[in-house]
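Undergrad: Here you go, one structure.
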Amino acid sequence: MRRTPQEKKRLSYAKDCRNVYGENHKSSRKNIPRSRQRAHRANRRRADEALRAAVGRADEVLADSAEQAVRMVWPKVFRKYPDLPLGVLVEDRLKRRVRSGMDQEERSAIKLERMRRHRRPNDA
């Protein structure tokens, strides 16, 4: 089935995504695992510090206090952020251009309306 250019543009705005994480998209290949490693390492260090305090003879009170010290602090977690759809990104950039004075509000409103028409599926 052949798609019209309007359908292609609407699908592109809806399905194409852009990296908005704030760093080079190629460096994410190494930085995401590195960030996960840092969080896990911090959690291991915190647990190790609590356990080092309980070194010596087996004492239930010391063991319980060490366990509570580990469980009291929230573990560090690394979270990834999803990419934004192209339509949302273009809309945000047009609004930012108006706020910064790079574009006139009337022109930007026309562009936004045209873009929103492309993003909306055909009802007819």
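Each Cβ is built from the backbone N, Cα and C atoms, and glycine gets one as well.
Residues or ranges marked as compositional bias 'Basic and acidic residues' in TrEMBL: 1-26, 100-113. The compositional bias 'Basic residues' annotation in TrEMBL covers 27-44, 114-124. The region 'Disordered' feature in TrEMBL is assigned to 1-47, 100-124.
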Undergrad: Please list, for the compositional bias 'Basic and acidic residues' (100-113), how many residues fall into helix, strand and coil according to DSSP.
TA: 9 helix, 0 strand, 5 coil
Undergrad: Who are the long-range neighbours of the compositional bias 'Basic and acidic residues' (100-113) in its own chain, taking Cβ under 8 Å and residues 6 or more past its ends?
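TA: For the compositional bias 'Basic and acidic residues' (100-113), the nonlocal Cβ contacts are 91, 94.
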